[in-house]
Ligand code: 4NP
């Protein structure tokens, strides 16, 4: 099983989603990666606030580097989780057929709550990162429970 987490910059939300899910699955059976729709931060480490928040919960995301989502990711991954509806639309635009489009899901659709979007914390304070972490922790717990 191969799962890809996608946000805009691949430095704030999706690196956290990758780290959290990796901490909950058997990584020899489940491969998790992340990417950004923009490529603005290609090659960069996750945002220091994401690194710090993950560290607080015992997760190290410092081996991750930002990369751009590519249409060829549809060949590699079974499920592609978008962090928000804007990312979702951008990924769908790159799909080449219905089978590829069907791989794309909103990560919060895993939960039966009202929120559809993991809010972009980039321009906010540390509290935004804590909030994002909690949302992703809950979603990844459910995803992992179905995989393990
Ligand atoms: P992310 O957050 O999509 O969660 O990684 C962002 C990071 C950078 C930018 C926007 C969102 N940016 O505009 O550079």
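Cβ coordinates are placed from backbone N, Cα and C, and glycine is handled just like the others.
According to TrEMBL, the domain 'Phosphotyrosine protein phosphatase I' annotation covers 1-146.
Residues annotated as active site, nucleophile in TrEMBL: 7 (among others). Cβ-based neighbour count (10 Å, all protein chains) for residue 7 (active site, nucleophile) stands at 31.
In the three-state DSSP classification, residue 13 (active site, nucleophile) falls within a helix. Note: residue 13 (active site, nucleophile) has non-local neighbours 5, 7, 50, 83, 118, 120, 121, 132, 136, i.e. same-chain residues 6+ apart with C-beta under 8 A of its own C-beta. The active site, nucleophile annotation in TrEMBL covers 13 (among others).
Per TrEMBL, active site, proton donor is recorded for 120. The secondary structure of residue 120 (active site, proton donor), as reduced to three states from DSSP, is coil rather than helix or strand.
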